[in-house]
Amino acid sequence: MKSFTETLSDGYGQTLSIDELLYERQTEHQHLIIFKNRFFGRVMALDGIVQTTERDEFIYHEMMVHVPMLAFGKARRVLIIGGGDGGILREVLKHPDLEQVVQVEIDQAVIDLCREYLPNHSQGAFDDPRVDIVIADGMAYVEQAESGPFDVIISDCTDPVGPGEVLFSSAFYAGCRRLLCPGGVFVAQNGVVFMQPDELVTTAQRLSPYFADTRFYTLAVPTYAGGLMALAWASDNTALALPDQQQLAQRYRQAGLNCRYYTPEIHHAAFSLPAYIQQLLP
Ligand code: SAM
């Protein structure tokens, strides 16, 4: 039987059976494989790293989107960097005040192949009239675009190797700050802390010159193996991250959300970090 092994560290990895190979090719930017696994359903990996699976994607997408969107309240304009599988876009579009989403994805092939082989991720989101797709490097976009301000910016990128590396740079964070409205919020996937502690330290150092409030919140996604994943949070509004839980519950109801991971209680709890993570931060 064929299998896919992701190396997480020397002596540690995760292996998934490839029960059906659906697609594999080298795109212009990265190696892409989509296969069917009997436990996780369809799986998409880039450059040997699992990006998303049908079975556990809701955890990541709900927490990447609903934490900043419900904290901000009435977000009208949202920028997504990366996110080619469409899961972030699907969740952003559920928010009733939304007027426009710009999504900047470097690799057209990821969008095309995920629309074909992982249609439950986007669920038609790419055809929504509020969506503008830009095929470009997110770094170049945030440096040059005049299309701000955005209320919320979400960086759903690959890890800091290959094309995703620039999305963890100081210059990228400065560009995002420039495109945010006053009091807007930037969130970004920031790896599994137990496996990539340096990523957390570096991101905290690089974000802090540009934002009054930089912090992290966590979630556990089975295929992002090795423990808690950290999501970076940055805003000039120091009160934004943790609105009153009743207010969050009201916004949740108004948006008609029916989440499987996010709750207003989880929203608050996710910002409480275990000691081993706190100890990495200044
Ligand atoms: N959720 C995943 C994770 O945490 O591992 C990542 C999702 S995957 C959709 C990330 C996307 O970022 C890919 O589609 C990739 O093509 C895109 N990407 C990587 N580098 C980029 C860049 N410099 N600009 C824009 N998109 C980029």
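Backbone N, Cα and C atoms are what each Cβ position is placed from, and that goes for glycine too.
What TrEMBL says about a protein is an automatic prediction, not a curated fact.
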His61, Asp156, Cys157, Thr158, Asp159 bind spermidine per TrEMBL; candidate in Asp85, Asp132 listed for that same site: Asp85
Candidates Pro68, Pro119, Pro160, Pro163, the one TrEMBL lists with Gln30, Glu105, Asp137, Gly138 as binding S-methyl-5'-thioadenosine: Pro163
Listed recorded positions with Cβ under 6 Å from ligand 1, out of His61, Asp85, Glu105, Asp156, Cys157: Asp85, Glu105, Asp156, Cys157
Mean of the pLDDT scores, which run from 0 to 100, over the domain 'PABS' (1-236): 97
Recorded positions clustered about His61 (spermidine binding site) [Cα within 10 Å; pool: Glu105, Asp137, Gly138, Asp156, Pro163]: Asp156
